[in-house]
């Protein structure tokens, strides 16, 4: 004997079947434990973006890294311009002009060159000493206009895309194969190795664009476009000028990136133990990690700036500098040990929000791309 309760015409509704010694309910959705109705599914989806097989996420990581790099550099560029000006030695005196824009005659050019050394002392005495961020901002606004703070941004945007694509792509790949996702010191070592490998590859792409950027950032720079600056540097100093600072850049960037990535992963785990997608966590951990790494490596950044702007300096010793050691000795001789800390505050103020934006953008775009254009938090299509 059997009977059933009345049901709607839809077969998808739950149905109760009663038998002499048993009863069965059909078409009942699976019951989830209380409080976990959606948490488990959400956690599974949130962990998804961190757990692709080795190599399968390269295109995603590179695309996300490129967009993160452009976002990072464009947003913080004016502060970076002030940092560059603060790091340049006070004796810097731009004397070179772009090709084809020189004086109207050879006589005028010779007179300008001859009077340069004679007027160095007077110019140095007359030029105001700018030691703080606000002093630089006031000087720029009254003499060149605040728009000059954006001079060179095109160069960094052109280089940031491919450089950051290589950076994050290499980072994720090496971190995966070196055990960087593991626990304890082995995970920290793997992450540091991945950061160093990422830096070597990305700096090789970014260094020429960084040279052009800094040549355009310095006070009274004669360069107005990326192309004219690149042509002038190449014609006057050769191809080596674009890579003279590369060893110094690596010497600085490898420890910088190792500190930044290790601190970021540790802070991210500390602030967000479940590993879910969290913009606040990515932003906070990225900012703190970047600021710490920037402060530690400021002396090497000052040396790098000297090497990258040497061609625009009237000082023969600076123009002849070819190594990090020479650059550090020049800075110490001219400005003392405090010279190695030039621009530390604007560097930290540049790097901390820059890395915060970069990590937050990277994690966002990584989820966005892997979810086929659906927003990480709402699931809505863009």
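Yeah, the Cβs are placed from backbone N, Cα and C, and that goes for glycine too.
Quick look at what TrEMBL annotates:
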| type | residues | note |
| --- | --- | --- |
| REGION | 23-52 | region 'Disordered' |
| REPEAT | 56-177 | repeat 'Solcar' |
| REPEAT | 186-270 | repeat 'Solcar' |
| REPEAT | 277-368 | repeat 'Solcar' |
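For the repeat 'Solcar' (277-368), DSSP puts the residue distribution at 79 helix, 0 strand, 13 coil. Confidence annotation: the repeat 'Solcar' (186-270) carries a mean pLDDT of 88 in the model. Secondary structure of the repeat 'Solcar' (186-270) per DSSP (helix as H, G, I; strand as E, B; remaining residues coil): 73 helix, 0 strand, 12 coil.
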